[in-house]
Amino acid sequence: MAHPYVPRDLNLLDYVPNSLSQSTILAVYGLSSLFVVSITWLISGRFAKISKLDRWLMCWWAFTGLTHIILEGYFAFSPEFFKDKTGFYLAEVWKEYSKGDSRYAARDVGVVVVEGMTAVLEGPFCLLAVYAIAKGKSYGYILQFAISLGQLYGTAVYFITAYMEGDNFAASTYYYYAYYIVANSFWILIPTLISVRCWKKICSAVQLLGQKKTKVR
């Protein structure tokens, strides 16, 4: 069966169309994300010393961590998701998202590597960040800074490689902006804000430590 992706001559042998509608796929993802954020917010409320901002950060790290591990992990290790006939939700997600970037269906090497590393490395570290914030661990800001830089790097590679390859992988303008641009913009904006905050916190801590050493001398 002919696939809906661009370029039209992309060879996807045994392609099977989506069983679920776009609205169903997005609704399940949205409700699942809301559930994760809600549970994390409620649990974080049990820690009296945590600020509201840190509680929101715990929600972000839980959400993005599970997204990396489950969604991106499935993609990285399921090379023939476009052949799925069962209506398995994760396969349906990537069939749908490939309308915004057909490199996923085509198993572009660069995309597979970036997504695989994100799932295996960044995903677990995001969940570790949730724990670090909850327990007030000393490595919390350094960890968040490192993960955010990794996310920014991965997103930059993702967009730059698409540009260098012609940036013609979306089935329509709608999918280009809705999936490729808007959906990925959150992993530019939020990691940038977190990086700036963590940078300031780390610099302040180092400066304070330097002042204490000076007083001791």
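Cβ coordinates are placed from backbone N, Cα and C, and glycine is handled just like the others.
All annotation found in TrEMBL is predicted automatically rather than curated by experts.
According to DSSP, the domain 'EXPERA' (53-195) comprises 111 helix, 0 strand, 32 coil. Residues annotated as domain 'EXPERA' in TrEMBL: 53-195.
Among the features that TrEMBL reports, transmembrane segment is placed at 20-44 (among others).
Taken from TrEMBL, the feature transmembrane segment applies to 56-77 (among others).
Summarising the annotation, TrEMBL assigns transmembrane segment to 109-134 (among others).
Among the features that TrEMBL reports, transmembrane segment is placed at 141-164 (among others).
What TrEMBL lists as transmembrane segment is 176-194 (among others). Tertiary proximity for the transmembrane segment (176-194) is limited to same-chain residues at least six positions away from its ends with a CB under 8 Å from its CB atoms, namely 57, 60, 64, 97, 99-101, 144-145, 147-149, 151-152, 154-155, 158-159, 162, 169-170.
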**Prompt:** Given the model, what does the mean pLDDT over the domain 'EXPERA' (53-195) come out as?
**Reply:** 97
**Request:** Using a Cβ cut-off of under 8 Å, list the residues of the same chain at least 6 residues beyond the transmembrane segment (141-164) that approach it.
**Result:** 57, 61, 64, 101, 103, 108, 110-111, 114, 117-118, 121-122, 125-126, 128-129, 132-133, 180, 184, 187-188, 191-192, 194-195, 198-199, 201-202, 205
